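Novice: Questions regarding the structure given below will be posed in turn.
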Amino acid sequence: MSWLHRDLETMDPSIFMQYSPPTAGLPQESKLATYMNHTTSTPTRSLNQALGKLSLESSPTAIRKVVITEFVPMNYYSQPVPCQSILPESPESSSPSTLSAVPNTSQVHQENVGGTTYFYSTNSDSLNTSGALNSSASIGAAEACLSGQVGAASPYATQIYSGTPTHMGPMTSKAGLAASFYMPETIRSEIYQRIDDVYLQPDLRQYPDLPENVEMYSELTPLEGIAPHSIATSYRAIHRQTGEHYALRRLHSYSPSVTKRLEMWKQIDHPNIVKLHDWFTTKAFGDHSMVLVYNYHPACVTLMNKFLCGGPGNNVSDSNGAFHDPFSSDPDAPRPYTHQKNAMLRAVACGALLPEAVLWSLLVQLTAALRAIHTAGLACRGLDPTKVIMNGCRVRIAWSGVIDVLHTNANDVAQAQQDDLTALGRLALSLACRTIHCDNLAASMELISRTYSADLKNLILYLLSTSTARRSVTDLMPMIGARFYTQVEALERRADVFEDQLAREIDNGRLLRILIKLGAINERPELNLDPSWSETGDRYMLKLFRDYLFHSVTADGRPWLDQAHLAHCLNQLDGGTSEKVELMSRDEQSVLVVSYAELKHCLEQAFDEVMQAAAGGP
Ligand SMILES: Nc1ncnc2c1ncn2[C@@H]1O[C@H](COP(=O)(O)OP(=O)(O)OP(=O)(O)O)[C@@H](O)[C@H]1O
C-alpha cells in the first residue's frame, strides 16, 4: 500500500493517462474503453465525469490507497480493506425510488503501471452512502422476487453465513465450512424422501381403468400396493387448478344422505389429524361413488407398516403380525405354539421393542388428536394402526369422518368416544408389544411391566378398563404428566434445528439469486438486437467479475477453486459493500479496481434491462 502511495507522489506525470476526454488514453480496441464510453445513466458514469474533473495535482492526495498485487487470487481474509455494508441511514433512503436521486460523487483515478492501466475509485464513501444501490430498484415483480430483498439491506447481507447459534451446540456431522453450507443428513433425507414421493410419478398407463378426471382432480394413482377392496379405495390425485396433491378416499357405490358430520369434520384443523377438505359424489368410476378429499402427506407410512408388520428394523413379522423363526427350515412358517408370547419375547430378544420415549411421543400426539375430535363433538370410530399415518416424527389420524359416512345411523357419539379410548389403549398395547396379537392381556401386560414404566402400564390399563365409569381424554393428561414437557422440549429442539437450517437456506437463496442474475447477463449473445451487449458497458465489468470469480488461476496456471472465496465474493456483491476488487481484462492489459457497490449497481442495471426486454414480449 505504501509503495503505491509513494510511487504515485513521485511518479512521472507522463505515465498517467489523459483525463479529458475521459477515454482518450484508453486503447479504443480495449473492452474497457467501451465500458468507459457507456451510457451515463449508471453510477459508473461518475467514472467518466470524475475523470474529467481530476487533476494531476489533486488526485494523489485524494487517492484511496489500494494494494495492487499480482493478479493471483487474493486471500480475502487477509484483505485489509474494511468490509462495510451500505446500510442506509434511514428506512426511507432504502426506497427503490431514491435510486436516481442519490447523488453519486464517486471519483476515479487511473494509472498505468508497466503497461497495465489501473482504475481506482477515489472516494470510498461515495457509493457507500448510497442505500439505493442496495435496493432492487424499480424492477418488476419477478425481479423483486429475484432480488430477495425485503426492506433495507442489512449488514448481515455481506456475511458468508451468520454461524450456528450458540444454543445449537457445535455441528459435528461435517467438518469446516461444509457444516455451515449443507444440511444435516437426517433432515435432507427426510425431505428428499417426501420430494421423491411427490415428483417420482408412477406410470399412469399402469392404471388404464382409472378415470382421467374426477371432478377437479386428475392423475389418480392408487395409494394401496395391493388390490383395492370392495368398500373403499384410496388414491393420490392432483388438483387440476392448483397442482396440489390430495389424498382421495373413494367409497364405492355409496351415496350418503346425511353429510352434517362431514361438515363438522371439515372444520377440524389439527396437526395430528389429516384434514378433510371436501367431499363429492361422482359417476366417474362407473358407479355412484362418494369421494372424500384430504391433505396429502408425502412419504407416509401407517403405524401398522412402520412398527407392527415388518417395517424398518422390524423384519421379524409378516403383515398379519405373525413372527417368523429365522432358524426354522421354513422361516415363513408361523409357529402356533404360544404364538403371542413367542412373538413378544422374540421382539424383546431382537431389541425390536420401541424406546419408551417414542411410545410417549406417539401417545401424546394421538391423545391430542382425540382431544380435538371429542371436543368438536365427534368420534374417531376406527382408530387402528392401519389408519394412523406417520412421516418424520409426526403421526396423523387418516381418513377422518369416513366411518361417520358409512354408518350414518351410529348416533351415540358418547359411546363412540369411549370406544375411541379403548381403541387407543389397544393401539398402545400393540405398539408396546410390537405385535397386533395382544389378545392375551395378562401376557402383554407382563411384558410391558417388565420393560416399561409403571406410568405407561397404568395409562394402557386405564384406556382398556371396562368399568362403567365414563372415561375422558382429558383424564389422560395427569397420567402423561411431565412427559408432556419432554415432548414439548423435543419439538422445540427440532424447531431450533429447522430454524438454523432455514437461516442457511436463506443465505443460499441470496447467492442463488445473484448467480441467476449473473448467468442471465454474462455471455448473452444479444439483447435488443445488440450482439455486443453483454461485452460492453456495465456488462463488461460483470464479465470481468465473473472471470475473477470462476476463472481465477493460481500463479502456475491451475484453476483456483475455493468455495469460501466464491461465497464471500457473492455475499459482498449482494451486500454492495465498499470493499474493492481487482478485475483484470483477459488480455491482461487493464486492471479495474472497483467496489462491490459499483458492481452491484451494474448488475442490477443490466438485469433490469434484461427484465424489461423480457417483459416487452416478441
Ligand atoms: N393423507 C394421506 N396422505 C398420504 N398418504 C396417505 C394418506 N392417508 C393414507 N395414506 C397412505 O395410503 C396408503 C393406503 O391407505 P389405506 O387406508 O387405503 O390402506 P389400506 O391398508 O389399503 O386400508 P383399506 O383396506 O381400508 O383401504 C397407506 O400406506 C397410507 O400410508
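Backbone N, Cα and C atoms are what each Cβ position is placed from, and that goes for glycine too.
As listed in TrEMBL for this protein:
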| type | residues | note |
| --- | --- | --- |
| BINDING | ARG249, THR386, LYS387 | ATP binding site |
| COMPBIAS | 88-97 | compositional bias 'Low complexity' |
| REGION | 87-106 | region 'Disordered' |
| REGION | 521-618 | region 'Knob domain' |
Novice: To test your reading of the ATP site: which residues beyond ARG249, THR386, LYS387, same chain only, put their Cβ within 8 Å of the Cβ centroid of those residues?
Specialist: SER234, THR302, GLY382, ASP384, ALA398, TRP399, VAL402
Novice: If you measure every Cα to Cα pair among ARG249, THR386, LYS387, the residues listed for ATP, what is the largest value in Å?
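Specialist: Max span of the ATP binding residues, Cα based, is 14 Å.
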Novice: Please report the DSSP secondary structure of THR386 (ATP binding site), reduced to three states.
Specialist: coil
Novice: Can you check how the pLDDT averages out over the region 'Knob domain' (521-618)?
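Specialist: Across the region 'Knob domain' (521-618), the average pLDDT comes out at 92.
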